[in-house]
């Protein structure tokens, strides 16, 4: 047997030991009490779940309650009998609380259930053994009652250097561990060997105080006899050497870092009682149903140690130890230093009860009145944690919690050494407990306030979205009855709307959102850390959820930002490529735009990190590129006007119109922004701004129409009868489309709300009770109807108009494209939801049960059909565009038709421009709906815009291509 | 059967109450009092009686005004301790009203007006002493000359002491004489050797008497250390720093400075180190803080003795360091268990 080196710890006290009196008598075995009261929460963590009902008969060792989550334990019947009640009973708790208890009326037979020992524990996997220990209800019996299997699992975080068995038993009066070692030496050593097999530590050390010579001798003899590698470390008697942290310091010289666990420095501590319980369960198959408890104190005539069944009422034990009721003044569960007083002797013995101290008035007199602290520093000399108790008292009294925390209040182990030595009889520990709980309470209320804030913000966003939707509907109604005056060109404010502006605005907003999200995340993480430190189990879960949610939010926002930045490029590219047709010119312009964007990006980065030479170089090179590209562009620009001379007349007109439209749109945007701001601050001008918005919108619509109209007039100057028809049809189609969009938005909203409800953990019934499913169905119906209408309308529009076949086709194509985009968005959404579900840890079955996979499949199907359709159509489109070619050739030959051909291409171009404009408007209305916090909406919006831009680009390219052909 | 419900811990170290601490400190002054009485006559004892009565009376009066339990607080012996410390610090034949003023100020202003025991930022005894030292410099500098009295057997009788204190002793000037520190302070242009050979206060008999007084207080202080009422940090730091200061300056300029032994054995060096600087309420609380605190007092004592306006500087040194004690405490926190290093200052919000 090796002897271990002993270190020492700061402070400590030597209170009178008072251990002799309970060691006079041999181990007692009290009779069965009238009833056994088994609290469901005898351990740290979640209370167990009862498995039995009132009236059930149980056998000794039968499981009567199972674990309720990870940090929980099993509970077994200590004897055979019937469950007489499952009700609230007084439990052993410092606050004298009641808790749910299973009450068993013993039948006196004490019949064991069939025991299933785990003889082959060496062959079984570690996990199986741990699970077995969990089922046997083994928890730490030193005082905290930490479920042993959880502790052993945690011990594998780091390679273990020391496995310490705590036999110090430093509290005065208590001799339960001493007696346990004497009585069950072999069981203890076997239990240690099992645990060592499970944790594989480098050193196994039993730490025991030198005031237990008999136990030390017994252990020594057995260890030598078995040639065990277990070391025996006899430490000097000093309170609180049995504290986990202090024993670790005594035996290893290491300190457990503040806020961490022994496992973090490769140390595991187990109480001797736990080791014996492990032995009993593995070798004998006996669950934890009894324990050694010291009955001591002057009020007992026969103080002694007893092996007592869990659930035995203290009163029964007091009777057994022959208590003198008239002498009993204070009844303490645990030792005189860290135990707590009991209100009544009706409370039961639980897995962690190591001592019942029935003290007389002389033995534990009432504390002397508190005097002023004279800062004598005796507490400081006694503190085993090297704190400054006198300063902590000052801060606790004056409620300076920050200062108290700074002086490491939370490193106080509440051992009571400071109070013991205090000459002024100040209940220091009580002050510290109070301060600690006040600080914890403050932290908790902070968390709650944050939650409330989040809820409030979500609610506000929802209300905003609803208001916006209403507004959009109203606008749509207005749009449905537009003024027919075609050439109404109101003078728009002379302002040039930068096309990049909305996107950069978006970016800015996103960045702000990200910053907010990140700060929130940081805060939450900090709170989580604190909660973990303070071991607030219930808070930890909630906070974890919040943190992951927030992380997700930030991630999605960042993703969006990443998307927006490239989106800025195409947005500028088409703008640049709008007017001229020449491919080269376009290319040059795109180059310029691209380089400009890149330059801007790099410059921004440079702003953030001004010292980055690499970035500076990049800027320089980009600038050079830009100037080059601009030079090329200007060269090309000089050559094109000559070539494009014939187109100039019409395109000039169109350009003007377009500019007007752009200006009007910019105005709309501006007003909308103002509206949003006003809504945010609840400004009274809100109605006025809304009015303005409508006007602006109307103006934009008019202009758009004007844009369309010249097209048709230009395309068919002769067929005026048809023209009006087309116009009407186009109007109707537009109306339908708007309706469609609204309906879809409604569906989305309803779905979202349902999803939200689900996330909030409402069950199905509640969701059904809410109005949303109803709304969803309604909206879906409406959508279906509209789509049908749209389909029927589409042929109608194409049928009577023979000549403008191309525009009609373009319309259809556009529709398909939109459908395609919607389908794609749908797929993406479904996928996203599925991943979300997965992240939330729902298992496959649940995900399958949810509607999303179904939706995904549907959307994919739809996409496939649409794409097919699209392919077929583009074919027909090319055929159709090919058809007019001979005519055009004829016209060309006649040399009158040249403008006409140009007009045809221009028509298409205008269509595209109109589509883009529409997309822009759609986007705006959507944004109006969306709340600023709502990531999903913005994402979709950007997605759709990009889609449309790409479409437009594609069409544009196609057109230029076909034009080149002609 | 009503069971008592209180939180842990349930036991207390028996006997070692605050009153016991105060009593032990008072008892530890007894050797010093005996030596002082033997050397300077009954005056010290009479001063003590006056001081104690004044202290108890003013403490009781203020407690009554503050509506506190008079008996409970009087029994903590803190007022008596202040009175004793002041009583032995004042010159033996100081008029009674000086003692009353000093003690009254100490108890009423320096202690009770700050909230009573445990709340006073300054050492009450030294506040009282400083007040009368500044206000009544003449009676405060009239120490009895020892050597003449002992040599001639011409001590002041009890009645003479009473008369000197309560009335006016016509021939008092014949008995008084400067203390060695006072004598050395007023050596003017004489160098050290000449001063020690010519100035009466610096003769062997006078020096020896003060050596005895200091040794008596050293004995009392050691008893306090043995009883673990005080820790070694403050007195050792104080005496060591005083020794170092005196040595350094004596080596630099032996002609105008006194020896380290002179500084350690005259005036209130030992009394200050063991009884005044160790007052727990107004001093530093951590061990490292006590070292800084004691050393700071010693440096101030030496500065005041050598270049200041007063012969001794214990009172002012202690009071000045009382100012600094809270700050020192913030920067000398011990390293707590489980922390890599000790925290300093008050950086709220960036705790590890």
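For all residues, glycine too, the Cβ spot is worked out from N, Cα and C.
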Say TrEMBL lists A:412, A:415, A:418 as binding [4Fe-4S] cluster 2: which of A:376, A:383 is in the same site, per that record? A:383
Per TrEMBL, A:373, A:376, A:379 bind [4Fe-4S] cluster 1; matching candidate in A:355, A:422: A:422
Coiled coil range according to TrEMBL, out of A:232-278, A:279-325, A:514-560: A:514-560
Sort the binding-site residues A:373, A:376, A:422 by C-alpha distance from residue A:383 ([4Fe-4S] cluster 2 binding site) and give me just the closest. A:422
Chain-mates of A:373, A:376, A:379, A:422 with C-beta within 8 Å of site centroid, [4Fe-4S] cluster 1: A:374, A:375, A:377, A:378, A:389, A:390, A:393, A:418, A:421, A:423, A:424, A:426, A:428
Cβ within less than 8 Å of chain B, restricted to binding-site residues A:379, A:383, A:412, A:418, yields none
Output, ordered by sequence, the same-chain residues six or more apart from residue A:379 ([4Fe-4S] cluster 1 binding site) with a CB under 8 Å from its CB, or 'none'. A:389, A:390, A:417, A:418, A:419, A:421, A:422, A:428
Go ahead and report the DSSP secondary structure tallies for the domain '4Fe-4S ferredoxin-type' (A:363-393): helix first, then strand, then coil. 10 helix, 0 strand, 21 coil
What is the interatomic distance between the Cα atoms of residue A:373 ([4Fe-4S] cluster 1 binding site) and residue A:412 ([4Fe-4S] cluster 2 binding site), given in whole Å? 19
Please work out the number of neighbouring Cβ atoms within 10 Å of the Cβ of residue A:418 ([4Fe-4S] cluster 2 binding site), leaving out its own Cβ. 32
For residue A:415 ([4Fe-4S] cluster 2 binding site), what is the secondary structure state per DSSP, taken as helix, strand or coil? coil
I want the residues beyond A:383, A:412, A:415, A:418 whose C-beta is within 8 angstroms of the mean position of the [4Fe-4S] cluster 2 site's C-beta atoms, in chain order. A:11, A:379, A:382, A:384, A:385, A:387, A:389, A:413, A:414, A:416, A:417, A:428, A:429, A:432
So which one is it: of the binding-site residues A:412, A:415, A:422, which has the fewest other Cβ atoms within 10 Å? A:412
Looking only at DSSP and grouping its letters into three states, which state does residue A:422 ([4Fe-4S] cluster 1 binding site) belong to? coil
Can you tell me how many other Cβ atoms are located within 10 Å of the Cβ belonging to residue A:373 ([4Fe-4S] cluster 1 binding site)? 24
